[in-house]
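First up is the structure itself, then whatever we jot down about it.
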């Protein structure tokens, strides 16, 4: 069984995330959407909200499982018997950052990182941008799924 973990804070879930997830579904038997938790990090949305965003968006997709985890992503992958870490790349900066992490993860665990390029109309979307636009009262609706818009 080909199983991948797509880790993130999903604060909030964006159409950039769903673009990567939806395009990865045919590649894997199961994709675990893994919300990493860090008690020293401030989040805009509660863990419960972020779980709801993911579960509601993928409630009809049998290949998707939603979990939370603490600690190293590779340790979580091992606990789930996942052989791959799925990551999205928006630009060259993402590539350099993710390449370094991916190589380190592989050295530590033998777990490969699989990178998908963002679709051309989604490369500008990030949770950071969405949070900033929301904070300043701007229109963010074109960057997030319906479940986030309703929150």
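Glycine is no exception: its Cβ is also placed from the backbone N, Cα and C atoms.
As written in Swiss-Prot, here are the features:
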type: BINDING; residues: 9, 41, 73, 87; note: substrate binding site
type: BINDING; residues: 9, 10, 17, 88, 89, 90, 98, 122, 123, 124, 125, 126, 127, 128; note: ATP binding site
type: SITE; residues: 17; note: site 'Transition state stabilizer'
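Each residue contributes its Cα atom, and for residue 87 (substrate binding site) and residue 123 (ATP binding site) those atoms are 13 Å apart. Long-range Cβ contacts of residue 9 (substrate binding site) within its own chain (separation 6+, distance under 8 Å): 35, 36, 38, 41, 43, 50, 127. The distance from the Cα of residue 98 (ATP binding site) to the Cα of residue 73 (substrate binding site) comes to 13 Å. Of all Cβ atoms in the protein chains displayed, 16 besides its own lie within 10 Å of the Cβ of residue 123 (ATP binding site).
Taking CA atoms as the reference points, residue 89 (ATP binding site) and residue 73 (substrate binding site) are 18 Å apart.
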